[in-house]
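*Asks:* Below you will find the structure I want to go over with you.
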Amino acid sequence: MLTNIAVVDNKSEPTSENNPPAYQNPQLDFNNGWKDLGFAIVFAIHIIVVIVVGLVLGLPIVLQHMKQISLEKPLRLSADFDIKPFAYSLSGAAAVGGLLSFLTLFALQLCAGHFIKCSFFILIMMQVLLGVGLFFVFPPLCVIPGVFILFTLIFISCVRKRITFAEAHLQAGCASLRSHPSLVLVAVLLLIVEFLWFIFWCLMFMGVIRALNIDLTTNKVNMTSNQTQPATIYGLSTKTSPISAPTFLMNETRKKRMNSYSNDEQSQHMNTSKNLTSNTEQGNSGFIYKIVVFFLLLSWYWGAITFGNIINFITACTVGDWWFSNDDSGLYTMSNSIKRAFTTNIGTICFGSLFQAIIKALRFFTDGRKKSIIACIIDCILQIIEKLIGYLNDWAFTFAALTGEGFVQASRSFITLFKQRGWTAIINDSIVGTTLMFINLGIGIISAAAGGSIIYITMIQSPEKHIAVICVSLISFVIGIFMSSIITTLLTSCVRTVFVCFALNPAALGATHPEHLEKLTKVWHKFYPEEFTTSGYANQFKEPPVYSQC
């Protein structure tokens, strides 16, 4: 089914000289089969293999270890221990974090600009307090936060005029998320799926490590210890004696040569041969260890990144539904979005996520404590590539969700848009990202205060009370950040999708939410008039009258 999402009024149709570029009126094709099917099949096989290996090899190890712990050191709780205060405090922290997250969503839609300005103020104050603290410790260290303050002020002076621009996009993103509250539930369910994936991967990891007899303390495969020690896998105890053909032939050759040597020469030759064999085995075991660990990490990263990108994909679809909701075809509804994310477009998501997973797995071997100059350079290059691929994937998945394109075509569409708009997207992301980061931090602090206060009130007096308050406050802080990050992650994806939708077809928003179209066209006319004129939309959307801000 081919449809065109462009809706243009004939009366205000732009001239041929200033028509929008072709990519801004894309042809949608959602019924052309599965995109990047090969990657979808490989990912499905990969998921099945991880689950099966984890259950067959890893689960018996965990059960056996738990049985040994229960027999050796049975868990004994003090008679005075009461778990209720801990349950009340952590539940209260989760409730406070969730409530504040939803209230923040409403507040951002009303006064996003004030939040952005407040985040910059808090950032400067934190750097000032850090400088004051370092002054009392070692005064010369005050230069470090001073440099950060200088760069922060330069950044703020460069982007302060664009705060209104980011505010308009953030308000539109909040409105789209509020129109689909079920998206939060979908995000929570996918986080649960990602947690289950972590459990199965851990089981698979333990099973593979035990089966291959890998020593994690030396980062090598123990190729000789199994000759005398039994290996227990899934309840079976057997003695293994691995024999390698090259070693056997070397031993036969060594015996023939021994007949022509004296005793001293034989002893020296034997020691030299043992050292060479030992060094060869150590080199081989180290190489095998790196290969095994690389694929294990690749498996974990690929699954985790894919599930996270599925959330972004569904979010982009729901924003498309909010933007193009007058479309009777229902291409962007929640049910169709989830169906596409797990069927026709799952290959697209797996394809892009695989690149990120490979880079992350490679960085594991360059991120050690003992680094050479070459290793630092390689790690820096991989880190830059990782950020570029992650940034490209975020936008590519947005295009794929809105247009039904495959990963390669969606990536090309993003690059075309990036060239057309310049560096606006990066500046906008920087402003919004900083604001949402401080929102997460603030909600985490408030949740920590709530959890610590509840356990302080409900827990009886005991010597361990202060320690319990500190521990619960730290856990509550993490819970608050987790609850807030669900909303802020969705908001980040919503703002990105709003930016793309405006580039693709702003006229559609005029038919669904004209008040947001008015704000967006105003900020584009004000801050990026040349880009807006070049896109061909300046003649189609005249600068609206001044509207009141919060």
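We number each residue from 1, going along the chain as drawn.
Cβ atoms are placed via backbone N, Cα and C, with glycine included.
From TrEMBL, here are the annotated features:
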REGION    1-24  region 'Disordered'
COMPBIAS  13-24  compositional bias 'Polar residues'
TRANSMEM  37-66  transmembrane segment
TRANSMEM  86-108  transmembrane segment
TRANSMEM  144-163  transmembrane segment
TRANSMEM  183-211  transmembrane segment
REGION    260-279  region 'Disordered'
TRANSMEM  291-324  transmembrane segment
TRANSMEM  344-365  transmembrane segment
TRANSMEM  438-460  transmembrane segment
TRANSMEM  467-491  transmembrane segment
*Asks:* Can you tell me which of 37-66, 183-211, 344-365, 438-460 gets the most C-beta pairs within less than 8 Å of the transmembrane segment (86-108)?
*Replies:* 438-460
*Asks:* Is it the case that the transmembrane segment (37-66) and the transmembrane segment (438-460) have 3 or more CB pairs under 8 Å, with pairs at least 6 apart in sequence?
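*Replies:* Stretch pair does not touch.
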*Asks:* Who are the chain neighbours of the transmembrane segment (183-211) in space, where the CB to CB distance is under 8 Å and they lie at least 6 residues beyond its ends?
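*Replies:* Beyond its ends, the transmembrane segment (183-211) has Cβ neighbours at 50-51, 53-59, 61-62, 177, 231, 233, 292, 296, 299-300, 303-304, 307-308, 310-311, 314-315, 318, 334, 338, 486-487, 489-490.
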